[in-house]
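Noted in Swiss-Prot for the protein shown:
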- Arg74, Arg75, Asn134, Gly136, Ser137: L-tyrosine binding site (BINDING)
- Asn134, Gly136, Ser137: L-tryptophan binding site (BINDING)
- 1-251: domain 'Chorismate mutase' (DOMAIN)
Amino acid sequence: MSLVNEKLKLENIRSALIRQEDTIIFNFLERAQFPRNEKVYKSGKEGCLNLENYDGSFLNYLLHEEEKVYALVRRYASPEEYPFTDNLPEPILPKFSGKFPLHPNNVNVNSEILEYYINEIVPKISSPGDDFDNYGSTVVCDIRCLQSLSRRIHYGKFVAEAKYLANPEKYKKLILARDIKGIENEIVDAAQEERVLKRLHYKALNYGRDAADPTKPSDRINADCVASIYKDYVIPMTKKVEVDYLLARLL
């Protein structure tokens with residue numbers, strides 16, 4: 001079986017999504033060790049940078065600088081990775097050989113992910129406060145969180161493509177009719193979502209515990225908080241990506 005077909009098998013997709021849960025939780029744990037440090041998200045005089053010809057936030061600055069390097073090595077040529085910033089250089093490596101499993105598309109919700117992360121997720125996983133000495137470490141952790149969230153949410157395209165290929169005629173009718181509600185009804189699996197939330201809660205509860213004293217309740221991260229981030233944002237945003245991808249599937 002080809003690599004393309006393997007990546008679109010639902011059991012392989014679910015396995016990838018489960019591994020991504022681990023990455024997201026560990027990245028949240030890393031970010032939780034630092035206070036909110038709101039200045040790293042502010043622009044201009046409200047922020048923490050004093051650079052000539054740059055008026056943006058520290059987070060946006062480092063994000064763009066890092067993504068420029070990643071772009072050079074083809075990270076964003078992969079159907080699993082999407083940049084948060086623009087004006088990136090062309091890869092210095094040749095184009096990938098072989099066929100990608102996804103239909104060509106321009107779906108990228110990273111601007112929405114970035115806004116939600118700063119305004120909603122950071123306040124939930126970090127405590128109030130400012131630690132100037134750890135601004136750099138804070139933003140490095142932020143970027144890891146953003147990258148893992150983006151990968152998880154955009155992986156919905158693989159789910160959508162797999163479901164489309166399983167019943168193309170049904171999806172073609174819904175797509176041609178621009179029946180968003182009908183598409184949503186087809187892609188939703190409430191029982192699976194509930195299993196995901198229970199698994200996430202269990203992982204966050206245990207990953208946050210001190211290995212030296214596993215009976216002690218975790219104070220590193222709130223498991224209810226992690227599950228709520230998935231329920232209120234990650235899952236709904238993944239559905240949005242799936243729908244947007246399918247609506248463009250026949251173009």
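Just so you know, glycine gets a Cβ as well, placed from its N, Cα and C.
Note on Gly136 (L-tyrosine binding site): other Cβ atoms within 10 Å of its Cβ, all shown chains, come to 12. Computed over the domain 'Chorismate mutase' (1-251), the whole-number mean pLDDT of the model equals 94. Around Arg74 (L-tyrosine binding site), the C-beta neighbours below 8 angstroms that are at least 6 residues distant in the chain are Pro91, Leu93, Lys95, Phe96. Looking at the residues that bind L-tyrosine per the record, Arg74, Arg75, Asn134, Gly136, Ser137, the two CA atoms farthest apart are separated by 30 Å. The Cβ of Asn134 (L-tyrosine binding site) lies under 8 Å from the Cβ of Phe34, Asn37, each on the same chain and at least six residues away in sequence. Sequence-ordered, the extra residues of this chain that approach the L-tryptophan site, with Cβ no more than 8 Å from the Cβ center of Asn134, Gly136, Ser137, are Phe34, Asp131, Asp133, Tyr135, Thr138, Val139, Val140. Sequence-distant contacts of Ser137 (L-tyrosine binding site), defined by Cβ-Cβ distance under 8 angstroms and a gap of at least six in the same chain, are Phe34.
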